[in-house]
Amino acid sequence: MEENLRKLIEVWIYALISLSYCYFISSKISKGVLRLLSILPMCILFLLLPLLLSSVHFCALSALFLSWLANFRLILFAFDQGPLCPLPPKLSRFICYACLPIKIRKTPSPDAIKNLRCKNEPMPKWVLAVKFLALGVLLHVYEYRDGLPRFVVLALYCLHLYLEVELVLVFVGAVVSTLLGCDIEPVFNEPYLATSLQDFWSRRWNLMVSAVLRSTVHIPVQRFFKHLLSSDGAMFAGVMASFFVSGVMHEVIFFYMSRQPPTWEVTCFFVLHGAATATEIAVKRTHWWRPPHRAVSGLAVLTFVSLTGVWLFLPQILRNNVHERAIGECLSVIDFAKRK
């Protein structure tokens, strides 16, 4: 445990020094190719830093924050776009905006509040408490997993994966909100209430990653293909490109966790969901489309996500026993806390 913490601190010292360089040096270079060239060494470093970590949790989170979010936002920063532009007045804000899954909540106008349709509100405290309790129960049940059927353990791990990712990101957002003195938009928006794949991926699941992909992949690809295809065709190209890049980045994160070459199953998962989401959008635009009851559509979405996840997303985790290592780390943390 102590060795993992030491390596984590070492990785983030390198990351903070690199981001400070981008803030004080790269920001003084004119936007465009020259600034991008000055940032590229940091992007390469952020791809290498997770390799220093052996803990599944520390490795996955550092890869998400540095190899994915920070790199994509720094590329936007090179062209004076994204959350790092205009340049924040303080280094601390630059670092938070660059690598953490946060987005400052803007104060909407009265008309916008009146017409707001996406209830992207902070998680109620009782819901947060229930999720913490559920995660605690899961960690306790893991101690008896040897006597449970394998499919039950896998189902519990899927629930554990969702709860842990959401609660960790909620915790990060709460800490940053307190330190910066500002409101942070939630990263998750109750994804189990999604009524369509479009609703699930664009408005409910991991919204910070969706925002980064929209700025760095979807919009540029859509603009490029607008001259070659119809407006709808360009939009669909942007959707497919976003899902493909998301799949590739998940392959990278899985590589960090397992240190095994990619099998591209995860990429296939996201490409499949991209094609399904694009088809769904196209069907919704037809004149004969009538939305089903939200209970029916919600069940269909959860079923599709679950079945395709078991088919394409989880096998690489299970094949390399990443889930067993993750469970073992959680139990080790509990034992460590008890000893202290």
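Every residue, even glycine, has its Cβ placed from backbone N, Cα and C.
Because TrEMBL annotations are produced automatically, they should be read as predictions rather than curated entries.
Taken from TrEMBL, the feature transmembrane segment covers 7-26, 32-53, 126-142, 154-180, 233-257, 295-314. If you look up TrEMBL, you'll see 185-271 marked as domain 'Wax synthase'.
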By a Cβ-Cβ criterion of under 8 Å, what residues six or more beyond either terminus of the transmembrane segment (32-53) are in contact with it?
4, 7-8, 10-11, 14-15, 18-19, 21-22, 25-26, 59, 62-63, 66-67, 70-71, 74-75, 77-79, 252, 256
Need a quick answer: max count of Cβ pairs under 8 Å to the transmembrane segment (154-180), which of 7-26, 233-257, 295-314 is it?
295-314
When pLDDT is averaged across the domain 'Wax synthase' (185-271), the result is 94
Long-range environment of the transmembrane segment (7-26) - Cβ separation under 8 angstroms, sequence gap at least 6:
35, 38-39, 42, 45-46, 49-50, 52-55, 58, 62, 66, 70, 74, 77-78, 87, 91, 94-95, 98-99
The answer for the transmembrane segment (295-314), taking Cβ pairs under 8 Å and residues 6+ beyond its ends, is 154, 158, 192-197, 199-200, 265-266, 268-269, 272-273, 276
Mind checking how the domain 'Wax synthase' (185-271) divides into helix, strand and coil residues in DSSP?
64 helix, 0 strand, 23 coil
